[in-house]
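S.K.: My questions will all concern the structure given below.
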Amino acid sequence: MPAIPPKLILASSSRYRRELLSRLRLPFTAISPDVDETPQPGEAPADLALRLSVAKAMAVAATHPGSVVIGSDQVATVDGDPIGKPGGFERAREQLRRLSGRAVEFHSAMAVTDGVHTETADIVTLCRFRTLTDAAIDAYLRAEEPYDTAGSAKAESLGIALMDSIRSDDPTAIIGLPLIALTRMLGRFGLDPLTGHPA
């Protein structure tokens, strides 16, 4: 008799991450983690993304023993400086003016845990922004309202029009959940999307 696969939980309130995970056709539940996302003094952007992804996964795993939990976080950087979520129109406009014509790194970190063992990954995406006029920025912000998105650019929707190019080993990383790496990680926890068996 085949073993029953563990319950899968996505520690996220993001509908985009839910949509991405659903592509793998594994049944899952989404639970919003309660985690303080304040950066630590001097913390590197990649370290911040990894720390928060682990914290989110562990926060949910602590109350759901026997489950496999996915935590994720994304941090954007320009010239090594982190670019957070803007929170409102004026800050988003400032961010996009700064990013106009520039190369931006997006660190898409993930943690997968069963509460005992934890695996992590950080997939880097390099985005080159078009040179943006104020009119283009304002039109985008009015249409998209990307105030809860690192760097104010939602590549999964109209934000793709802000880009000149995107380079990554995983095309889903820019949206916040790198499915190629995640598939490998889940297989090691007994959740292979193709076979249902450990990879």
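For all residues, glycine too, the Cβ spot is worked out from N, Cα and C.
I grabbed these lines from Swiss-Prot:
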ACT_SITE  ASP73  active site, proton acceptor
SITE      TYR16  site 'Important for substrate specificity'
SITE      GLN74  site 'Important for substrate specificity'
SITE      GLU156  site 'Important for substrate specificity'
S.K.: With DSSP assignments reduced to helix, strand and coil, which class does TYR16 (site 'Important for substrate specificity') get?
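M.R.: Once the DSSP labels are grouped into three classes, TYR16 (site 'Important for substrate specificity') ends up as helix.
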S.K.: For the recorded positions listed here (ASP73, GLU156), tell me which residue's CB has the most neighbouring CB atoms inside 10 Å.
M.R.: ASP73
S.K.: Neighbour count first, Cβ atoms within 10 Å, every protein chain included; then name which of TYR16, GLN74 tops the list of recorded sites.
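M.R.: The residue with the densest Cβ neighbourhood is GLN74.
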S.K.: How many whole Å apart are the CA atoms of GLU156 (site 'Important for substrate specificity') and GLN74 (site 'Important for substrate specificity')?
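M.R.: Cα to Cα, GLU156 (site 'Important for substrate specificity') and GLN74 (site 'Important for substrate specificity') are separated by 14 Å.
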S.K.: Where does GLU156 (site 'Important for substrate specificity') sit in DSSP terms: helix, strand, or coil?
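M.R.: The three-state answer is coil.
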S.K.: Per DSSP, to which secondary structure element type does GLN74 (site 'Important for substrate specificity') belong, with helix, strand and coil as the options?
M.R.: strand
